[in-house]
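Below: the structure, in structure tokens.
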Amino acid sequence: MSVPNGPRRDAASSEDPAGGLSTATSTEPAQGYATGGSALVKVYGSGAAQVRALDGVDIGFGRGQFSAIMGPSGSGKSTLMHCLAGLDVPTSGRVMLGDTDLTALPDKKLTLVRRDRIGFLFQSFNLLPTLTAEQNILLPLELAGRKPDREWLGRITDALDITQRLKHRPSELSGGQQQRVAVARALVTGPEVVFADEPTGALDSQSGTNLLNFLRGSVRDLGQTVVMVTHDPVAASYADRVVLLADGGIAGQIDNPTSDAVLEALRQLGG
Amino acid sequence: MLRNTLLQLRSNLGRVSAAGLAIVLGVAFVAASLVFAGTMRSSMERMLSAPYLAADIVVSSNTMPGQGTTPGERKEDQDERVDSIRRVDGVATASPRYEGYANGSWEKGQGAVQLNRLPQDQQLRWYELSEGEYPAERNQVVVNERAANSEGISPGDTIEVEGFGSPYASSAGGEQQEPTKTEVTVSGLVDTGRTLLTGSGRPTLFASPGMLREFETSGYTEIDMVVASGADTQAVLDGVRAVVPENAEVRTGEQAAERQVEQFSASASVALNAALLPFGAIALFVAGFVIVNTFSVLHAQRRRQYALLRCVGATRGQIRRSALAEALIIGVVSSVIGTALGILAVPAVGWPIGLTDSPADLGALGMTPWAFVVPLLAGVLVTFLAALAPAARAIRVPPLAALRPVADEQSARRIGRVRLVLAVVLTALGGALLFGGAVLGVVLLAAVGAAIAAVGVLLFTPTLIPAVAKLIGRLFRVFGPTGVLATGNAVRNPYRASSTSTALMIGVGLLVVLMTGAATAERSAVAEIDRNMPVDAQVSSASRDGAVPDGLAANVRAMEGTASSAELSGARTGIDTGEEVGTPSGKMPVQLLGVDPAKLSEVARHGGDTLEQGKVLVNPDFMSSLGWSDGQRVELSAGPRPITVRVAESEFDGYNKLLLSETDLRATGLETKPMAVWARASAEADLQQYASDLQEISGTDGDSALSVGGAAPSRASVMQVLNVMLLVLTGLLGVAVIIAVVGIANTLGLSVIERGRESALLRALGLTRGQLRGTLALEAILLALVGAVLGAVLGVVFAWGGVAAVLGQTQVPVALAVPWWQVALVLACSIPVGILASVLPARRAVRAVPAAALAEE
């Protein structure tokens, strides 16, 4: 799989703020990033059963960067991603997508933000069984009532090698194919940020490698911003930067990580 | 295992609640039907036996009531008999009972009143004084409370009573005697009990024997007695028997009451049950579909649980028992609730229509053990039977399924080949029989065909309904992605979709059959009326001289909706037929009517050109009793100058009427008066409305003798009867339809739970809450629409077969009339119904936070 040359979005093409942002630390404010949050707190339950999944997280992810969030189970990495992606509302703190404060938006506006500005990849693919691959890919556009850019669609599906499978339903596709359909769906709207939650978790290693290469390529060639939650050090090594989470807080970060460096860092966290 | 079942049921209470509700509704309907019929019966029985139970001994004739203790007996002899009974040892009081009728008029109205004798003995007054006092004077009466209330009669009012003339008085001499008139004062009201069949009834005046004597037109029906204290009832019975004729029955009050109740055959309540219970059966049958769906979904959702149980050593039998035990619990609980609700519903509904004293008057209910047992058993049985197939599928889960990851796609069951073949064969066979029966005109063949075809179609629904749904779903594409999603979701599981829509299909199908039947009956009746009644409205008078008021013709002409009208002048006279007709003069009484033939052509819808000078138009029935025949020349010697006219058969007017041209009528030399006004309604006038307007105009003169005949009032009354019937039947079927709608909500609700992750995904991808609601509403509308469309199509087809078969067999001229507007209305109703059914499931679906739902693995 190779990433198509996308004439897609202005944001993706010219400016490259990555240089300044790659040194971002957890204490910096959230403004100026593709996505970020400040003083994020997320509490589940109450009383004795109370869990602080996020405990005052400040973080920013630069534009055109491939970032990975890692941490042991229960470290809050999925919660962080859900909050950043507008899938969940933090108990307190602020979430920014570009210049938009997601925490200030009512549900309807938040939904439209997800539809138009964010792409999603999930571990279990999450395709709708009643729709064909093509209908699944175009769903966000259809929900928005937008006409699909056929040429762009063709380039994505060619690059993902699923053009021949567009009329099939998810049940007729392999796991790798299903995940590639999901990738096409995430990219078709030209989102500002793609959030990926364990995208390789349910794939065999070859499909997983292909997927990570594709994501890597989309960041490099299209300037796509990707934020990925993973517990796989190999997957994390494809990222420009790894943010480590532990007990609901930032525990460190690694720029230009290798899988060994990530493994070492995780070991130090006791994960 | 049982504990596990109970725990499972408790955690899934919300999911089975709709199935429970369906059972509750069906069972409640059955219970209410039984209690309702029983209450009608018991209230009737109480009403019938009350007068008898008040007496210690009752003497009654064994002939029909109202014919006197001995038929043909003279009043004086009857009085003598009462006296002789009074002399029997041990008889404290003997009071003859009398029921007669008279015309009454009071301040707020008038009409026939019943006259009853008020016994002097308190014990024999089987009613209770509810207001005022019992009469103290001869011209005072008490009136039954309910009729008095509805007629606006209260204590202190006066009622003028006009008798029909007493045969006892007339036998003394004069032929025509002025009717007796008396004014009475209402001293009080009595509560005589209530029944639905008698309604509020006509006013009954309980009057003193002295006042009644003038009005009595027939003998006593019974003689009631009170036995003196200390006397032996058996001895008194024997004593009374000795003084009454052989054919009179002497019984104790209880025995007489029992006999009355027996005579009022149980058939009334049997008939009522027979009319109501089929609708209960339909409701329960439809509820069965909801239950099948609930358990199918529930078991599918528990697939892994069951597999896990199998892994840890549960046998298939244990899993089946667990599933069936669950169904039994739901069935029993729902049936108990349903039975209780059904029983409680009767006084609540029966109160306004007079069955009970208050909405909580349970004492008045006629409850037999059946009213408890039948609905309970029926509800439990339906639940249990409906759970069998889903349970059989549940046990097929292999233990290994617990270890496999959940298959993401719904492994929708394929429709069995045997079932499909059977469905096609039965549908084709039934359809052929129905068609054959319709063409050949054999009702039985058509009925059998319809039944077989119905079974075939029911088997066919898992294929048919998704196919139709996909077809209709294409229309939903205009709604964009929500429409596509809704269609996909609706047909995802063909069995689920089909049993959901089938429930509604049955209800709507029966409804459309009824509507078509009613419309066909209406069209046939209207055609018959139009054929027999060429004139829309005929106002005539029943007054002594038969004349209508002078201004009537002008009023009718000026009335809205009148296209043309004609005043007919005429005279009452008699003609000599040469035969004995049994009147004092020996002549046949006739009403000669004259009209301008040109005017008649204008007013009549057909046959108006039959009349010309030199012709007399006669109704066929009257023609044959006159001994005339069509085309015959007769000499009409009705007036001073005889005229010769040719007889022509016509449908214009009824018996005893002869219709002539105005010129011929004048030629008879009779003195004429305006005697009728005939009118034709304009094409755009609503005939029902026209008839009632006309009645109003005719009645405003205060001349109650005027009556309106013709096609318009006849049509109006036929339509009214059919409309009321259709309304009642629709209401009865409504329960089944409501259950079917509950079923749609149920399916949707269960699917929403299953699709939690999908809904969350859609929300994550940018589906707004409104769009999600819309998707669910469209899905429900689609399911409802499919059921309604198929039901309507099948309903029309079956109705056509039935009508054609009846037509062929009985030669009754019926023409199929499909009430397209009503059918369209039913179809249109599926849209709001679908939206309604989706409200609760949608609430649950949109509440979920996308992240939380996605996390549920």
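From the backbone N, Cα and C atoms, a Cβ is placed for every residue, glycine too.
Note: TrEMBL annotation is automatic and uncurated.
Note that this is a predicted model, so its numbers are computed, not measured.
What TrEMBL says about this one:
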- B:21-242: domain 'MacB-like periplasmic core' (DOMAIN)
- B:62-81: region 'Disordered' (REGION)
- B:72-81: compositional bias 'Basic and acidic residues' (COMPBIAS)
- B:275-298: transmembrane segment (TRANSMEM)
- B:279-399: domain 'ABC3 transporter permease C-terminal' (DOMAIN)
- B:327-350: transmembrane segment (TRANSMEM)
- B:370-389: transmembrane segment (TRANSMEM)
- B:420-444: transmembrane segment (TRANSMEM)
- B:450-469: transmembrane segment (TRANSMEM)
- B:502-521: transmembrane segment (TRANSMEM)
- B:724-753: transmembrane segment (TRANSMEM)
- B:732-848: domain 'ABC3 transporter permease C-terminal' (DOMAIN)
- B:774-800: transmembrane segment (TRANSMEM)
- B:820-840: transmembrane segment (TRANSMEM)
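Cβ atoms under 8 Å from those of the transmembrane segment (B:370-389) belong to residues 19, 23, 26-28, 30-31, 34-35, 38, 280, 284-285, 287-289, 291-292, 295-296, 323-324, 326-328, 330-332, 334-336, 338-339, 342-343 of the same chain, restricted to positions at least 6 beyond its ends. Distant neighbours of the transmembrane segment (B:502-521): 282, 285-286, 289-290, 458, 461, 465, 722-723, 725-726, 729-730, 733, 736-737, 739-741, 743-744, 783-784, 786-788, 790-792, 794-796, 798-800, 802-803, 814-819, 822-823, 826, 830; these residues of the same chain sit at least 6 beyond its ends, with a Cβ under 8 Å from one of its Cβ atoms.
Listed as Cβ neighbours of the transmembrane segment (B:774-800) (distance under 8 Å, sequence separation of 6 or more from its ends, same chain) are residues 434, 438, 450, 453-454, 457, 464-465, 468-469, 472-473, 476, 479, 482-483, 485-487, 489-490, 497, 500-513, 515-517, 520, 740-741, 744-745, 747-748, 752, 762, 767, 816, 818, 823, 826-827, 829-831, 833-835, 837-838, 841-842, 845. Mapped onto DSSP classes, the domain 'ABC3 transporter permease C-terminal' (B:279-399) shows 97 helix, 0 strand, 24 coil. Across the domain 'ABC3 transporter permease C-terminal' (B:732-848), the DSSP tally of helix, strand and coil residues reads 102 helix, 0 strand, 15 coil.
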